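Asker: Per Swiss-Prot, the features are:
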REGION    1-101  region 'Urease gamma'
REGION    102-223  region 'Urease beta'
Amino acid sequence: MHFTQQQLQRLMLHYAGKIAKDRKEQKIKLNYNEALAYICYELMELARKNLSVSELMSIGKTLLTSEDVIDGVASMLDEIQIELPFEDGTKLVTIHEPIANDDKIKAGEIFLSSEFIVLNENKTSIEIKVSNKGDRPIQVGSHFHFFEVNRFLSFDREKAYGKRLNIASGTSVRFEPGEEKTVSLIEFGGLKKVLGFNNLCDDFINDENKTKALSKAKEKGFL
């Protein structure tokens with residue numbers, strides 16, 4: 001017995017659809033893959049009986065309801081396309097919105113809080129003036145150790161030891177050439193261990209290591 005790659009794929013889809021059908025008959029709610037396989041399985045069987053494409057498109061919308069699937073699945077299956085063999089050749093059958101979507105849950109839906117989220121609440125902040133003495137823009141990310149930023153940014157680095165920008169995680173502040181602006185800084189949280197960046201610290205944030213970091217910053221031209 002020899003099968004083409006396409007025939008093997010249909011056999012796999014048929015097998016998956018049969019499993020999904022068994023679970024549906026046991027009143028088990030289908031997940032995304034099971035729902036997709038079940039509808040394709042039924043369409044394959046109906047095509048074998050030589051129903052028309054238009055008939056399959058109509059029937060395809062009646063095979064499952066939102067009660068047959070896990071919450072959120074109906075909104076994920078907005079379209080199904082499958083190539084099926086008919087007596088007069090292979091045809092593409094498209095089912096739009098195969099499951100009536102009356103879900104209480106929609107995949108990817110965003111639920112917004114009615115209350116404002118306070119950024120870095122209860123964190124003590126300081127403000128420092130920073131100027132870009134270089135000839136290129138410099139961008140600093142939210143969690144970059146501000147003490148170790150580009151040496152062309154001029155500010156009181158000692159005050160910035162152990163601190164980062166007081167901005168939302170993943171955002172940044174851009175300093176254009178010659179620009180001066182005031183930024184807000186807060187202390188690092190967690191273990192307060194700073195590694196990497198410009199390798200001025202590479203240790204826990206404390207007074208002893210601060211002295212070492214200042215010395216290294218001076219050696220490397222950051223002060």
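Using the three backbone atoms N, Cα and C, a Cβ is placed for every residue, glycine included.
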Asker: Tally the residues of the region 'Urease gamma' (1-101) by DSSP class, grouping H, G and I as helix, E and B as strand, and everything else as coil.
Answerer: 52 helix, 20 strand, 29 coil
Asker: When DSSP states are grouped into helix, strand and coil, how many residues of the region 'Urease beta' (102-223) land in each?
Answerer: 20 helix, 33 strand, 69 coil
